[in-house]
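Annotated features in TrEMBL:
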type	residues	note
TRANSMEM	32-51	transmembrane segment
TRANSMEM	58-76	transmembrane segment
TRANSMEM	82-104	transmembrane segment
TRANSMEM	137-164	transmembrane segment
TRANSMEM	206-232	transmembrane segment
TRANSMEM	264-284	transmembrane segment
TRANSMEM	296-319	transmembrane segment
TRANSMEM	326-346	transmembrane segment
TRANSMEM	352-369	transmembrane segment
TRANSMEM	390-410	transmembrane segment
TRANSMEM	416-435	transmembrane segment
REGION	466-523	region 'Disordered'
COMPBIAS	475-485	compositional bias 'Gly residues'
Amino acid sequence: GLLQMQLILHYDETYREVKYGNMGLPDIDSKMLMGINVTPIAALLYTPVLIRFFGTKWMMFLAVGIYALFVSTNYWERYYTLVPSAVALGMAIVPLWASMGNYITRMAQKYYEYSHYKERDEQGPQQRPPRGSHAPYLLVFQTIFYSFFHLSFACAQLPMIYFLNHYLYDLNHTLYNVQSCGTDSQGILLGFNKTVLRTLPRSGNLIVVESVLMAVAFLAMLLVLGLCGAAYRPTEEIDLRSVGWGNIFQLPFKHVRDFRLRHLVPFFIYSGFEVLFACTGLGLGYGVCSVGLERLAYLLVAYSLGASASSILGLLGLWLPRQVPLVGGAGVHLLLTLGLFFWAPAPRVLRHIWILYVAAVLWGVGSALNKTGLSTLLGILYEDKERQDFIFTIYHWWQAVAIFVVYLGSSLPMKAKLAVLLLTLVAATASYLWMEQKLRRGVVPRQPRIPRPQHKVRGYRYLEENSDESDAEGVHGGSSGGGLGDCVEEEAPPAGPRPGPEPAGLCRRPCPYKQALGGDGPE
């Protein structure tokens, strides 16, 4: 919402000349958009390392903090504030969404464990839950999350509705030189008037709006800090980091061996295409081009409310095969794309505005089914907690690649954009159904092996009997004391018989690696 308001203000040449003179705002805006769209391409190299280094919760907190930094730079709009903050924002996009997807999946798994605690207690502490048992909880969690997330598009339009719309010219002025819209248009709003503001907003009013957005950003940081618990136990966090940073760096690339991910890549790409098309293609090329800039906010609100309400349709996966929501959303988008391919609304004509609202709502329905279905499918296919951050990193990195492609092709004709969207959608649906067919035939996916955690004894010295000994004495004592180098958590044996087999040597409790695999061990 802030970026939308900022770009509209900077587009008006009177606003630029009066407030900023010859500072070169169009050049700054182009570099800022380049920073947001190009920087995520490198995210595959650092996202898993950052998530494992900071932890899932703290990565979310840090990324939301970078969003708050981007909002704060709009108090002083200069090249050295806007462009670096846009680059930082681009770097935070994939880590935020990868950690968010990982976090929601882990919360669904933990909620299953809590709600079935007595059953697991009867089975024994070392028993893992049956595969797929957390799937209904994951589906409900993702549905709730995306119902709220899609409302953010409506909330993003509040500055436009309550502030900026009062300063805009009507469509007869802004669209005076626009000749073609919809499928006949080329680029983004060719012929749009260079002046869109009737009067310039006062600086004090702009500061009030930005302060409200800044308060929302701080509130988001406090919500993550105060309401989000840890995604993993401390021993699990240690084990996730202890596989080696080189292995953490390589594992996203090694997961390409898995045919399930390869078949889902076209859907990942389409998922990035369709969100940007809703905002730029449908919102600008069909909406603003024909009914004016002052109605852009209401079109995006219709898209937002349609997507938020339709996220509940993802619950159909509780009773129907998991292919139905995902393929159903693709079918809705396919019909809409074919319809838009042959529709060119006339500029400055309002009688067809109801068609735009219906198209926006239906596009939101398809987006909701797409996002909910993909995130739930990944959580079901990859239940192992040591793989989930890699999988969601790959998913959102391909989305970032798709957004980068849209950024590069923004000047293409609308027919070319619709053709690319249509071909990607058909390829994604066919590839996904082929993957499901392979799984039904029993084809076993090839997953890379996760290395065993290599713990350093030095990190657990305070748990040993003699923690004041030197490093050399510790190594000597460990080699002669029954293998304390491999398992240094030593406890005094409790009185009475111990349940289960007695651990070998001086170690009375399992190592953190074994604790993370199955319970805390015998007490």
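In case you wondered, yes, glycine gets a Cβ from its N, Cα and C as well.
A quick note: this is a predicted structure, and the numbers were derived from the prediction, not measured.
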Cβ contacts under 8 Å made by the transmembrane segment (137-164) with residues that lie 6+ beyond its boundaries:
1-2, 4-5, 8-9, 104-105, 107-109, 111-112, 115, 201, 205, 209, 212-213, 296-298, 300-301, 303-305, 307-309, 311-312, 314-315, 317-318, 364, 367-368, 371-372, 375-376, 379-380
Give residue numbers and ranges for long-range contacts of the transmembrane segment (352-369): same chain, 6 or more residues beyond its ends, CB-CB under 8 A.
146, 150, 274-275, 278, 282-283, 286-287, 290-291, 295, 298-300, 302-308, 310-311, 313-314, 325-326, 328-330, 332-333, 336, 339-340, 343, 345-346
For the transmembrane segment (264-284), find every same-chain residue at least 6 residues outside the stretch whose CB is under 8 Å from a CB in it, and list them.
188-189, 296, 299-300, 303, 326, 333, 340, 356, 359-360, 363-364, 366-367, 370-371, 374, 377-378, 394-395, 398-403, 405-406, 410, 414, 417-418, 420-421, 424-425, 427-429, 431-432, 435
Which sequence positions outside the transmembrane segment (32-51), separated from its termini by at least 6 residues, show Cβ-Cβ distances below 8 Å to it?
3, 59, 82-83, 86-87, 89-91, 93-95, 98-99, 102, 245, 248-249, 251-253, 389-390, 393-394, 396-397, 400-401, 403-404, 407
Which residues of the chain, 6 or more past the ends of the transmembrane segment (296-319), have a CB below 8 A from one of its CBs?
136, 139-140, 142-143, 146-148, 150-154, 156-157, 160-161, 165, 278-279, 282-284, 287-288, 325, 328, 356-357, 360-365, 367-369, 371-373, 376
